[in-house]
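Below: one structure, written as structure tokens.
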There are 2 protein chains.
Amino acid sequence: MKELQEKIKEYGTVLPGNVLKVDAFLNHQVDPVLMKHMGKEFAKLYKDAGVTKIWTVESSGIAPAVMTGLAMNVPVIFARKHKSLTLKDDLYTASVYSYTKETTNQISISKKYVSPTDKVLLIDDFLANGQALEGMLQIAQAAGVEVAGAGIVIEKTFQKGGQELRKQGLRIESLAKVSSLANGKAEFED
Amino acid sequence: MKELQEKIKEYGTVLPGNVLKVDAFLNHQVDPVLMKHMGKEFAKLYKDAGVTKIWTVESSGIAPAVMTGLAMNVPVIFARKHKSLTLKDDLYTASVYSYTKETTNQISISKKYVSPTDKVLLIDDFLANGQALEGMLQIAQAAGVEVAGAGIVIEKTFQKGGQELRKQGLRIESLAKVSSLANGKAEFED
């Protein structure tokens, strides 16, 4: 997606440890018009996939996910993050390790809003090692819910998550594919 | 806002401690069409207020805030929550106590995205004791930023936040004003 690449080039900054900081328009300050365009793009990519619900993880996935839900006219669920969680019967949970923050969070989705007839589209802001997607996939499996695929705003293709998950058969559509962050500069595939 | 009242009546549940649970359409599962309508409503209410930016607090404020930003064509900032925070020179921070969760969080906004010429509209999902709004007002004051007012999805008018903040001169527009949650039932003002 050209518009997103341009935003990354203009406003993204590269930090040590292959961190691409996009808090100017995605995960602290948010550009609502860009979010709307991204939502329409995901809706177009998955228009024939029979999606009945969007899943994402708080917080940075919410804006693109809600715009995708609007474009596809389906509800959105954002999984909640908790540092730890006493067992709750009414929640599906999974563990998600964050390499950036070096913490493990539980993510949870209320069973009340999950139906076995759902076909979910997983939206997230970043795909690097694939931990957040794997957490959502675990929940989908536990719930017996079909997954149409994933919609990622920025995929770091030089990290292993996307490759491994595609190998497992997951459809992944990424709006920007960053192939390198060497020398403080984002390089894109295509 | 009639549509929101109907949603609360149909899907809201009342929990002990005057908690109104709206995770069916607002803060876990999200109804994107309702969010869009709320964004348009806030934009209409504040159309002549010279708003240049929306501020909210993660996570449940993000969906209505981004839709308001879209309707008003201005950027959105969601303040980040942290349990504790080592002092960072590049952040404005404030303490926010949650009566529901009985925890204190730091909220923070990056100085990079705050300009003294900003006129901000504060959006949040709930107004009860007013802690989140007060945190954002503290940051606005520290940053020397003008506040146009607040846009609240659900105000509990039987709790003190709204009254006190209006007394201090803050304009607050609430889309649903819940005057009572007695006997497990939401009653509305107007």
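Cβ coordinates are placed from backbone N, Cα and C, and glycine is handled just like the others.
Annotated features, as they stand in TrEMBL:
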- A:Leu20, A:Asn27, A:Lys156: xanthine binding site (BINDING)
- A:Ala128, A:Asn129, A:Gly130, A:Gln131, A:Ala132: 5-phospho-alpha-D-ribose 1-diphosphate binding site (BINDING)
Exercise. Restricting the comparison to the binding-site residues A:Ala128, A:Asn129, A:Gln131, A:Ala132, which residue's C-alpha is spatially nearest the C-alpha of A:Lys156 (xanthine binding site)?
Worked result: A:Ala128
Seminar exercise, completed: Listed in sequence order, the residues of the same chain lying six or more positions from A:Gln131 (5-phospho-alpha-D-ribose 1-diphosphate binding site) whose CB sits under 8 Å from its CB are A:Val96, A:Tyr97, A:Ser98, A:Tyr99, A:Gly161
For this session: Fill in the CA-CA distance, A:Ala128 (5-phospho-alpha-D-ribose 1-diphosphate binding site) to A:Leu20 (xanthine binding site), as an integer in Å.
Result: 11
Problem set entry | Neighbours of A:Ala128, A:Asn129, A:Gly130, A:Gln131, A:Ala132 excl. site residues, C-beta within 8 Å of centre, 5-phospho-alpha-D-ribose 1-diphosphate | A:Val96, A:Tyr99, A:Phe126, A:Leu127, A:Leu133, A:Glu134, A:Gln159, A:Gly161
Problem set entry | Pairwise CA distance, A:Asn27 (xanthine binding site) versus A:Gly130 (5-phospho-alpha-D-ribose 1-diphosphate binding site), rounded so that it is a whole Å | 18
Exercise. Within the chain of A:Ala132 (5-phospho-alpha-D-ribose 1-diphosphate binding site), which residues six or more apart in sequence place their C-beta under 8 angstroms from its C-beta?
Worked result: A:Val57, A:Gly61, A:Val96, A:Ile107, A:Asp124, A:Phe126
Problem set entry | Extent of the xanthine binding site in Å [max Cα distance among A:Leu20, A:Asn27, A:Lys156] | 16
Problem set entry | Mapped DSSP class for A:Lys156 (xanthine binding site), helix or strand or coil | strand
For this session: Translate the DSSP assignment of A:Leu20 (xanthine binding site) into the three-state scheme.
Result: strand
For this session: Using Cβ-Cβ distances, find the residues under 8 Å from A:Gly130 (5-phospho-alpha-D-ribose 1-diphosphate binding site) that belong to the same chain and are at least 6 apart in sequence, listing them in sequence order.
Result: A:Lys160, A:Gly161, A:Gly162, A:Glu164, A:Leu165
For this session: Using the recorded xanthine site (A:Leu20, A:Asn27, A:Lys156) as reference, state which further residues of the same chain have their Cβ within 8 Å of the centre of those residues' Cβ atoms, listed in sequence order.
Result: A:Gly12, A:Val19, A:Lys21, A:Val22, A:Asp125, A:Phe126, A:Ala128, A:Ile154, A:Val178
Exercise. Could you tell me the C-alpha distance between A:Leu20 (xanthine binding site) and A:Asn129 (5-phospho-alpha-D-ribose 1-diphosphate binding site) in angstrom, no decimals?
Worked result: 14
Seminar exercise, completed: DSSP, reduced to three states, assigns A:Gly130 (5-phospho-alpha-D-ribose 1-diphosphate binding site) to coil
Exercise. Which one of these binding-site residues, A:Leu20, A:Ala128, has the sparsest Cβ neighbourhood, judged by other Cβ atoms within 10 angstroms?
Worked result: A:Leu20
Exercise. Near A:Asn129 (5-phospho-alpha-D-ribose 1-diphosphate binding site), which residues of its chain come within a Cβ-Cβ distance under 8 Å, counting only those 6 or more away in sequence?
Worked result: A:Tyr99, A:Gln159, A:Lys160, A:Gly161
